[in-house]
Amino acid sequence: MLRNLFRRRLFSCPTKYYFMLLVLSLITFSVLRIHQKPEFFSVRHLELAGDDPYSNVNCTKILQGDPEEIQKVKLEILTVQFKKRPRRTPHDYINMTRDCASFIRTRKYIVEPLTKEEVGFPIAYSIVVHHKIEMLDRLLRAIYMPQNFYCIHVDRKAEESFLAAVQGIASCFDNVFVASQLESVVYASWSRVKADLNCMKDLYRMNANWKYLINLCGMDFPIKTNLEIVRKLKCSTGENNLETEKMPPNKEERWKKRYTVVDGKLTNTGIVKAPPPLKTPLFSGSAYFVVTREYVGYVLENENIQKLMEWAQDTYSPDEFLWATIQRIPEVPGSFPSSNKYDLSDMNAIARFVKWQYFEGHVSNGAPYPPCSGVHVRSVCVFGAGDLSWMLRQHHLFANKFDMDVDPFAIQCLDEHLRHKALENLEH
């Protein structure tokens, strides 16, 4: 009798309620465990700060423009220890990418979308490279998102091990691939345009969902997170964004005479070319663009654009006038009117931040940007750590040039900063 009474009290209404609540809690916990993200996707694991065991640079101070820390970096680069630091080779990447799960985990690629906003606005990338596999890995990791699409064009002259390493990296991702047709790229020749066109075709045919195409080279690096890029592109409201200005007289020789490749170099034949086959005047610009999917479709399919491209194939640096000119043709989706009032300089366009040596100086005295903290190659600044503080205040999406051999700390600090910025809101 006492036992029965005990049972009735044990399973009275309040006790049953708590028991059922406990069971429901256990079921809910089990479901959440099944559907939670993989352990390696934790925010802390994806942070890049402290990732380089050979670096004792304070990136926070670097990004603040601290003169002492910047000078420390410059001195570090001169040391024997720095010059002998371990470097990853193409063969290292070939070996690492044999185990894709390990490669993705150890290299800390982001393999799940961070926000719904980014998922709803996929971006396509054309990346033209020929060497420096470590730099490509850093660039791809910095811009990689699972909802985006990435075409990598490898110069046919590149070493076989480099191509194999790129193919190895691409094989680890469903949305990264090597271009179906590879060109032997010659500086300032049509082959540079053709490399981007090949990726354009592949990207256009493989997926209909991406909104914009951004072209890059192996020495570019983002200065915005993917979410910031998405929001910038949304604000463009279907317009393309690239440098396009009135053609200066000193560049007319580039397209008024015929050029041909001789012994691997572009040579002026002295032969006068016929005028371009279009009513719109030629405009000056750069190789870099941010264009809509509709623009890409028009470029690939329009008969008049095809005629213009055929005409441009024996000119000097056609990439520096072709995209800029197409952007001013009235029928092109997302284009600008041809009036000079609509000219867009490299500093006003968002496609790329580049420092030219002959424009550098004191901003307070009217220069567009301060002096280069790194070195110059063909009058272009290869950025150093001292360039980051000013650069990150600009509106551009990417900057050029960065080089692991010149200043890896500039890339390291920028990489860490962008990754932390992308992840900092996920824990809240």
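Each residue, glycine too, has its Cβ placed from N, Cα and C.
Record features (Swiss-Prot):
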type: TRANSMEM; residues: 10-32; note: transmembrane segment
type: TOPO_DOM; residues: 33-428; note: topological domain 'Lumenal'
type: REGION; residues: 33-121; note: region 'Stem region'
type: CARBOHYD; residues: N58; note: N-linked glycosylation site
type: DISULFID; residues: C59-C413; note: disulfide bond
type: CARBOHYD; residues: N95; note: N-linked glycosylation site
type: DISULFID; residues: C100-C172; note: disulfide bond
type: REGION; residues: 122-428; note: region 'Catalytic'
type: BINDING; residues: V128, V129, H130, D155, R156, K157, Y187, R378, K401; note: UDP-N-acetyl-alpha-D-glucosamine binding site
type: DISULFID; residues: C151-C199; note: disulfide bond
type: BINDING; residues: E243, N250, K251, R254, E320, K341, Y358; note: glycoprotein binding site
type: ACT_SITE; residues: E320; note: active site, nucleophile
type: DISULFID; residues: C372-C381; note: disulfide bond
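Neighbour density for E320 (glycoprotein binding site): within 10 A of its CB lie 22 other CB atoms from the protein chains shown. Nearest neighbour of N95 (N-linked glycosylation site) by Cα distance, taken over the recorded positions C59, V128, H130, C151: H130. In this view, N58 (N-linked glycosylation site) is surrounded by 15 other Cβ atoms within 10 Å of its Cβ, with every protein chain counted. Around C199 (disulfide bond), the same-chain residues at least 6 positions away in sequence with a Cβ under 8 Å from its Cβ are S126, I127, V128, C151, I152, H153, A179, N215. Of all the recorded positions in the list C172, K341, Y358, C372, the shortest Cα-Cα distance to K401 (UDP-N-acetyl-alpha-D-glucosamine binding site) is found for C372. Nothing from the recorded positions C100, H130, C172, Y187, C372 places its Cα within 10 Å of the Cα belonging to K341 (glycoprotein binding site). Comment: UDP-N-acetyl-alpha-D-glucosamine site residues V128, V129, H130, D155, R156, K157, Y187, R378, K401; largest CA to CA distance 23 Å, whole number. Between the listed recorded positions, namely V128, C372, C381, the fewest other CB atoms within 10 angstroms of a CB are found at C372. For the pair H130 (UDP-N-acetyl-alpha-D-glucosamine binding site) and C381 (disulfide bond), the C-alpha distance works out to 20 angstrom.
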